[in-house]
């Protein structure tokens, strides 16, 4: 014989069963789950992807190749800085007001580094800011909810300025499109340019960069991962080979 | 109805009260003709090996919804549910539409019960006109009607006016009547939605405090002793009420009896968590401590019997937000199983005890001469055969009632009613109604 | 995240995610000419209010519109049974008509939970914008946001909630959320306005407002409806104001850094004095402003991500 206490049931009553109403998918950076194989999501930038993989151990080392070492990253940034000085002549009398706006997450430290180099090379301090484009993305509904990043624009705003958008990897071009939409809601720049550390091809929109650190031919299902000291503790650019993420 | 045309029935291998060695029971002319090793032939032989034989169950508290709400239950469907639940007599509460506060309505219900013929349907008369608690209904006229009403109740409402309750207890003495009180002080339960306790408070449901029941029961016990009347307390739901009854019994000239529902023996206010109104009932589901106290009180006889408060409701009255839902639950077909789960499997009652609380005491309280009788040769063959080993899963849609508002949906419960016999005629067998 | 029905649905990380999103939205919209984000373009939000509430409804409507959702207001009054369509039918109708989110205010406790259950097979999200005396989770979120702006992280902070706790959905949601955020909650009310079993809640309970103000980091004043007098919950508005009203004398007892919050609408002279309501210590307008950002954040987390598998 079974002893049962009041309120204890053998089987939960059928009519009381229903979906769990607890939340899921709210917490944590959504980018952890980015798919590698979907260029339209810009996931191929591997922004959130590589860090945990490299921590996963040496077994993966054979599956990825280093494109740029730390010194290469520094040299590349310096070269882009020189190109920006050349093209925008910030030290000229009648120069446009130039702003560097980094697209989080890695575009933001890149923009600050570029500004530092420009100051070093030209003596002119260019204001920097960050522009989160998450709310303007066209792929929100394809992914778990993303956490928002910071947007902080220079106090003078962006009206009539020459805005240089800065991002780590240019892939489908959709992030840049979102950034252009976001800019429009913040004001009316005189012109917008684009600087990227890596252009890996596979554009899906008529967008090209004005400043490219390195062109890297890739297959669509490969991943390019930029690592920066500020976000990853080290400077490097890695190419992840086809199929490596299938074990995830 | 008399059973003389039912022929003879032989039950092979039953255990009367679940005791002793299996015996055969022969039923003839509506009575128990022989108990033991029966060699005589019978018109019908039921293989009843291992079944427990009990006197047919008597339910002092049902809502048959006819007249008025035939979309949720009728005398026909409720009688089928009763037969399947092991009942041979049920008492139909007066809160129909129109209210059973006059001889016409009680005779109608009584006649409908006879026409269906599956269970003895005894109408309960309203205490007050229209259940309004203002002046007495024509209790004597209902008592003298063909329905022979002996139980009077405003159930659904409390006879809260102490003077009216006193008069009812006094007046019914001359009728051999009993006043069945729905104990709820309405001043303490305005807007109440659930048992006043932490569970309801956390969920923002207005509380129905235990003293709203206990204070009325205490008052009525005192009035019963003062008047020498007969008080029956409906659906005792709190540990405090059990304490009041324990104190009051035998302290005066009045007769005090009480019932508890199966759901108050098993379910608790933890069920509020889903806000599913299938768990809404009045009085409300209380705490685990209350269910424990009620089980003890029933085992000790402080609470006399189990009554279902069978209350069918239409889906649109139940599948709503909590506050809008009607209170009440189906009970006729699940009562035995819940009693077995809470009282037998816990060791609080044996099968003789089940016979006492489900049949003998309710029959005595209502003054039914031919119900709740011992299983002896010569007694009326009102029988319930229980399969104590069977288990079943409750599905509201499969119950005989038109409504399907059972709080036990999906639960696996012990014991089934294998057969019910009313005055020698089988009314249900193996879960099928025999009409 | 499919629904927001109760503050207890939210884990610590969920709360942090929503409040951080609200911060970012506030930052992104600050000083902008065009307060319109394309994020919820093509999504339909229906506010169904069975009780009057300008504040909450407008806040949700603005939140939805600033994110480019189509916001439709359904005005419904009276209880569902016997007066036209049932809540269940209304809910099913709204879902069938294409609502991606139903924001529900209803006088019955548990109504939002019921609607979520009825819509289990639809893709529609349900936000509880106040159900009876049960919960009002977005109010608790905006209160937490306002407190965070004023005090920083709330861990270890002592928040005093004074007023009609018994009938307050704001109190229930705030107790749950503030406890989740690690704050110490003190409830102050006469015994008649405290819920049964409140001693088992994760709070400290007192009947003495003056004593509770010592060392408090914030005071949240709850609305007290004058009609509670008729239920004899307290003798008179005057006596209530004397014992539990937040006046200037009491404000002076409160540490300098501690702000005053009120979910509104305020009854000046009853639970809060005119001077305190208008003092710089009062964050009532910040609460309203934050309400928009917090509700934007909630809609973002419910509607912007990929469809949750049903």
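Note: Cβ is positioned from N, Cα and C throughout, glycine not excepted.
Among B:304, B:309, B:319, only B:309 appears in TrEMBL as part of the Zn(2+) 1 site alongside B:61, B:63, B:155. When the candidates B:279, B:282 are compared with the substrate site entry in TrEMBL, which names B:63, B:64, B:65, B:95, B:313, B:327, B:328, the shared residue is B:282. In this structure, the C-alpha atom of residue B:63 (Zn(2+) 1 binding site) lies 12 angstrom from that of residue B:327 (substrate binding site). Rounded to a whole value, the Cα-Cα separation of residue B:155 (Zn(2+) 1 binding site) and residue B:65 (substrate binding site) is 13 Å. For the pair formed by residue B:65 (substrate binding site) and residue B:309 (Zn(2+) 1 binding site), distance between Cα atoms is given as 12 Å, rounded to the nearest Å.
For residue B:235 (Zn(2+) 2 binding site), the same-chain residues that are 6 or more apart in sequence and have a Cβ closer than 8 Å to its Cβ are B:61, B:182, B:259, B:260, B:261, B:264, B:283, B:307, B:309. Cβ atoms within 8 Å of the centroid of the Cβ atoms of B:155, B:182, B:235 (the Zn(2+) 2 site) belong to the same-chain residues B:61, B:93, B:153, B:156, B:180, B:181, B:183, B:184, B:234, B:282, B:283, B:309, site residues excluded. Most Cβ neighbours within 10 Å among the binding-site residues B:155, B:309: this distinction goes to B:309.
In the predicted model, the domain 'Dihydroorotase catalytic' (B:52-238) shows an average pLDDT of 98. Sequence-distant neighbours of residue B:327 (substrate binding site): residues of the same chain at least 6 apart with a C-beta under 8 Å from its C-beta are B:280, B:281, B:282, B:284, B:311. Taking all protein chains in view, 25 other C-beta atoms sit within 10 angstroms of the C-beta of residue B:313 (substrate binding site).
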